[in-house]
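According to TrEMBL, the feature active site, proton acceptor maps to 69. Under the heading substrate binding site, TrEMBL lists 165. According to TrEMBL, the Ca(2+) 2 binding site annotation covers 196, 248, 251, 256. Here TrEMBL flags 38-118, 71-76, 124-324, 202-234 as disulfide bond. Taken from TrEMBL, the feature site 'Transition state stabilizer' covers 65.
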């Protein structure tokens with residue numbers, strides 16, 4: 001089929017406009033965004049994160065998780081930080097977030113110091129992106145450049161947290177869930193490695209111990225010794241909602257590849273962790289990550305940067321909150 005030179009020209013113009021549009025969306029976030037407007041912004045956030053981790057090592061996992069939970073609901077625009085009001089139940093009060101997210105006080109501390117130094121300049125959404133990076137780095141990961149320039153959203157609805165992948169998802173459901181946010185299956189496996197630090201409430205996985213399915217009360221993919229240990233920490237008769245266990249059996253406060261080694265040993269805590277071995281491609285990535293500590297850290301950094309661009313507000317959209325917990329009046 002012959003295409004006229006005129007149509008070719010029109011087609012090339014359309015393609016070029018599409019490329020320019022894509023680049024403009026990408027370039028709205030910039031590394032060093034606050035270089036001139038608030039020079040010490042990233043240092044102030046890092047110091048707040050370091051102080052928080054010194055008080056409680058678990059805060060690091062909370063901040064990484066919080067950034068993820070922010071980006072997957074309405075995009076990376078700080079809605080997860082907003083408190084509920086008399087007329088609205090916010091994201092942080094939903095079952096997916098309540099009792100599982102930690103580190104709000106670190107964001108508050110950073111914001112207060114930033115407002116004292118550069119009033120009305122640094123968004124809460126950017127503070128959270130910086131804090132997640134610093135949490136990964138300060139727990140044995142690596143540092144990486146975080147493009148900034150996000151602005152803060154003004155809506156936070158608990159009902160919208162259905163976009164978050166629950167711990168019961170299988171590999172196909174996880175792949176589809178991440179694809180909706182423009183993230184590949186490999187990036188899903190890479191970001192799942194965030195479970196290398198932190199803890200989980202027993203209620204998030206107790207079905208694997210006591211009520212797995214009609215045939216087995218216990219998930220047959222769980223290592224038997226590990227399952228017995230989990231049952232001791234999470235007794236079936238317990239009504240204590242605050243019982244927790246570490247996500248990573250070996251180094252729960254260090255960002256490393258022991259998460260993947262746990263999965264290979266059938267010690268993945270969630271269904272959504274162990275399911276990564278049920279698919280040829282994801283199992284191959286688990287194997288590869290388990291053997292390449294630095295390779296995984298670099299992939300994790302790149303995936304976090306990509307996730308940090310999901311549905312961001314920039315330019316004149318949204319606002320720069322004065323207090324990360326409430327919208328500006």
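The backbone N, Cα and C atoms fix where each Cβ goes, and this holds for glycine too.
Overlay of TrEMBL annotations on the structure.
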{"residue": "38", "record": "disulfide bond", "contacts (Cβ under 8 Å, 6+ apart)": "114, 117, 118, 121, 122"}
{"residue": "69", "record": "active site, proton acceptor", "contacts (Cβ under 8 Å, 6+ apart)": "80, 91, 96, 97, 101, 161, 164"}
{"residue": "71", "record": "disulfide bond", "contacts (Cβ under 8 Å, 6+ apart)": "181, 307, 308, 310, 311"}
{"residue": "76", "record": "disulfide bond", "contacts (Cβ under 8 Å, 6+ apart)": "67, 70, 125, 128, 129, 150, 307, 308, 309, 310, 311, 312"}
{"residue": "124", "record": "disulfide bond", "contacts (Cβ under 8 Å, 6+ apart)": "78, 81, 107, 111, 152, 321, 324"}
{"residue": "202", "record": "disulfide bond", "contacts (Cβ under 8 Å, 6+ apart)": "233, 234, 238, 243, 244, 245"}
{"residue": "248", "record": "Ca(2+) 2 binding site", "contacts (Cβ under 8 Å, 6+ apart)": "195, 196, 197, 254, 258, 259, 262"}
{"residue": "251", "record": "Ca(2+) 2 binding site", "contacts (Cβ under 8 Å, 6+ apart)": "196, 258"}
{"residue": "256", "record": "Ca(2+) 2 binding site", "contacts (Cβ under 8 Å, 6+ apart)": "140, 196, 293"}
Neighbours of 196, 248, 251, 256 excl. site residues, C-beta within 8 Å of centre, Ca(2+) 2
197, 250, 252, 253, 254, 255, 257, 258, 259
Round to a whole number and give the Cα-to-Cα distance in Å for the pair residue 65 (site 'Transition state stabilizer') and residue 165 (substrate binding site).
12
For the disulfide-bonded residues 118, 234, 324, which one has the sparsest Cβ surroundings, going by other Cβ atoms within 10 Å?
118
Same chain only, sequence gap of 6 or more: which residues have a CB within under 8 Å of the CB of the residue listed as 'substrate binding site'?
72, 173, 174, 177, 178, 272
Using all protein chains in view, find how many other C-beta atoms are within 10 Å of the C-beta of residue 196 (Ca(2+) 2 binding site).
29
